[in-house]
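Swiss-Prot annotations:
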BINDING   H73, C110, H113, M118  Cu cation binding site
DOMAIN    35-125  domain 'Plastocyanin-like'
SIGNAL    1-34  signal peptide
Amino acid sequence: MKVLASFARRLSLFAVAAVLCVGSFFLSAAPASAQTVAIKMGADNGMLAFEPSTIEIQAGDTVQWVNNKLAPHNVVVEGQPELSHKDLAFSPGETFEATFSEPGTYTYYCEPHRGAGMVGKIVVQ
């Protein structure tokens, strides 16, 4: 009987130690840092499109739009003037950025080329 009680006590101590070790691992894990995701304005094949046209990011991430082809381009985020960049980018490699803090789905477009289908979507988790 003493052997069984001793075994049960050791098993419970081991279980408590395991829970503490695993729990401390999760508490000490570093939070994910914010990322920057690039979107090309003007597809590599010369089409008037954002590349990629749809992205998924986390709240706090930054989107960087890079002027790629067939300038001029800009970015207007529907209903979000603070995230928009209405000035036209003329030079290849010219960039502008916006940080998305709130979860949601954001539709954006290039003002001069919206009619040609230059529209994109950002899904913020």
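Count begins at 1; order follows the chain as displayed.
Glycine too: its Cβ is placed from the backbone N, Cα and C atoms.
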Cβ neighbour count (10 Å, all chains) around M118 (Cu cation binding site) is 23
In DSSP terms, the domain 'Plastocyanin-like' (35-125) comprises 9 helix, 45 strand, 37 coil
Across the binding-site residues (H73, H113), the Cβ with the fewest other Cβ atoms inside 10 Å is that of H113
Not counting H73, C110, H113, M118, residues with a CB within 8 A of the CB centroid of the Cu cation site are M41, G42, L48, F50, N74, Y109, E111, P112, R114, A116
